[in-house]
Amino acid sequence: MKVAVLGAAGGIGQALALLLKNQLPSGSELSLYDIAPVTPGVAVDLSHIPTAVKIKGFSGEDATPALEGADVVLISAGVARKPGMDRSDLFNVNAGIVKNLVQQIAKTCPKACVGIITNPVNTTVAIAAEVLKKAGVYDKNKLFGVTTLDIIRSNTFVAELKGKLPTEVEVPVIGGHSGVTILPLLSQIPGVSFTEQEAAELTKRIQNAGTEVVEAKAGGGSATLSMGQAAARFGLSLVRALQGEKGVVECAYVEGDGQYARFFSQPLLLGKNGVEERKSIGTLSTFEQHSLDAMLDTLKKDIQLGEDFINK
């Protein structure tokens with residue numbers, strides 16, 4: 001199993017690479033790519049960790065050597081948020097970066113499962129899909145927007161509020177990956193209930209958690225370590241499913257049946273070919289249903305922005 005991390009010299013990329021070096025199954029290969037010249041050195045640094053995961057780093061304009069034979073590609077390349085920016089302010093820079101890298105994936109490892117971490121995810125996933133489609137290699141079961149950070153934040157905040165162990169809580173999060181499009185299904189957590197006010201306040205905190213980190217870092221960056229953890233969890237789940245493990249379920253932002261929007265985050269059963277089944281989002285509370293209805297315009301506009309970036 002070969003996993004490639006694109007954007008591996010950045011804050012998310014380094015955290016992700018460290019976790020993968022420690023947690024990928026023995027015999028796996030990990031390849032790191034970034035435009036920054038430090039990348040081969042990051043790989044050398046990580047290569048001293050005593051796990052049976054082969055690691056190699058590549059830098060420069062050409063990601064091809066890193067992508068050859070990859071089963072899973074995780075893209076975290078791009079610029080980070082600064083205070084006062086929202087995820088859509090990143091669009092102008094990051095759209096071009098994602099387009100370029102996905103074009104290289106289409107040429108070099110078109111059958112790989114691709115997880116997009118680069119924000120704004122609502123839009124960058126649509127860009128990736130259109131690039132792959134133009135190249136004639138798009139498989140909607142193999143392209144994912146990584147929204148796992150919303151899930152792990154939800155698990156943490158719910159556990160804090162309700163005095164539970166974070167490992168015992170699993171909150172499904174649907175919709176998209178920014179602002180109002182993030183919708184934690186708090187009504188679906190077994191054995192936990194919320195007042196309407198609690199649900200509204202907690203939902204808002206989960207939606208704004210990224211901004212909480214950006215402001216706390218006072219201009220020094222955005223959520224890199226928790227995002228690295230989230231991306232590693234998703235990447236490792238994907239690897240386990242590709243290797244034939246049954247019953248692996250994760251939420252991610254994928255192209256579905258278009259009931260809500262062309263791309264939508266929902267629980268997925270993962271398998272040997274990527275998405276095996278898009279699972280139902282279940283019964284929503286009145287608050288959740290209202291939030292879902294209210295977000296769809298925003299989500300559809302975000303998606304349209306990505307489609308237009310490639311097709312206009």
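All positions are counted from 1 along the displayed chain.
The backbone N, Cα and C atoms fix where each Cβ goes, glycine too.
Under the heading NAD(+) binding site, Swiss-Prot lists GLY7, ALA8, ALA9, GLY10, GLY11, ILE12, GLY13, ASP34, ASN94, ILE117, THR118, ASN119, MET227, citing sequence analysis as support. Of all Cβ atoms in the shown protein chains, 27 besides its own fall within 10 Å of the Cβ of GLY7 (NAD(+) binding site). GLY7 (NAD(+) binding site) falls within neither a helix nor a strand when secondary structure is assigned with DSSP, and so counts as coil.
Sequence annotations record features per position, and here Swiss-Prot assigns substrate binding site to ARG81, ARG87, ASN119, ARG153.
Mapped onto three states, the DSSP output places HIS177 (active site, proton acceptor) in coil. HIS177 (active site, proton acceptor) is surrounded by 30 other CB atoms, counting those within 10 A of its CB over all protein chains shown. Residues annotated as active site, proton acceptor in Swiss-Prot: HIS177.
Each of the binding-site residues ARG81, ARG153 was scored by the number of other CB atoms within 10 A of its CB, and the lowest score belongs to ARG81. Cβ neighbours within 10 Å of ASN94 (NAD(+) binding site), excluding its own Cβ and spanning all shown chains: 23. Around the Cβ of GLY11 (NAD(+) binding site), the number of neighbouring Cβ atoms within 10 Å comes to 18. Residues within less than 8 Å, Cβ to Cβ, of THR118 (NAD(+) binding site) and separated from it by at least 6 positions along the same chain comprise GLY7, ILE75, SER76, ALA77, GLY78, ASN94, ILE97, VAL98, THR124.
Among the recorded positions listed here, namely ALA9, GLY11, HIS177, MET227, MET227 has its C-alpha nearest to that of ARG153 (substrate binding site). Between the C-alpha atoms of ASN119 (substrate binding site) and HIS177 (active site, proton acceptor), the distance comes to 9 Å. For ASN119 (substrate binding site), the number of other Cβ atoms no farther than 10 Å from its own Cβ, over all displayed protein chains, is 28.
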